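Residues or ranges marked as topological domain 'Cytoplasmic' by Swiss-Prot on the basis of experimental evidence: 2-18. Sequence annotations record features per position, and here Swiss-Prot assigns transmembrane segment to 19-39 based on experimental evidence. Marked as heme binding site by Swiss-Prot on the basis of experimental evidence: His23. According to Swiss-Prot, the feature topological domain 'Lumenal' maps to 40-84, an assignment based on experimental evidence.
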Amino acid sequence: MAGTTGERPFSDIITSVRYWVIHSITIPALFIAGWLFVSTGLAYDVFGTPRPDSYYAQEQRSIPLVTDRFEAKQQVETFLEQLK
């Protein structure tokens, strides 16, 4: 036999005016806070990830791509030398 936990049913919660008054403010506020966190660049500083313009050195603006599988080791060594 099923008992009751004493909690309000979910259908009562989402149909209440109080729920929508609270959430009509908090949901957009969280969205705006997240947007500001990312758009101001604070997310890069907090998590320590490089900004999009600093992934590569100034001289190298392309992805270091290995094109020949038989000379892969030589190409990787060349890429690493360019970083120094």
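Backbone N, Cα and C define each Cβ position, glycine as well.
Within the same chain, no residue sitting at least 6 positions outside the topological domain 'Lumenal' (40-84) brings its C-beta atom closer than 8 Å to a C-beta of that stretch. Residue counts for the topological domain 'Lumenal' (40-84) by DSSP state, with H, G and I taken as helix and E and B as strand, are 24 helix, 0 strand, 21 coil. When pLDDT values are averaged over the topological domain 'Lumenal' (40-84), the model yields 85. In the three-state DSSP scheme, His23 (heme binding site) falls into the helix class.
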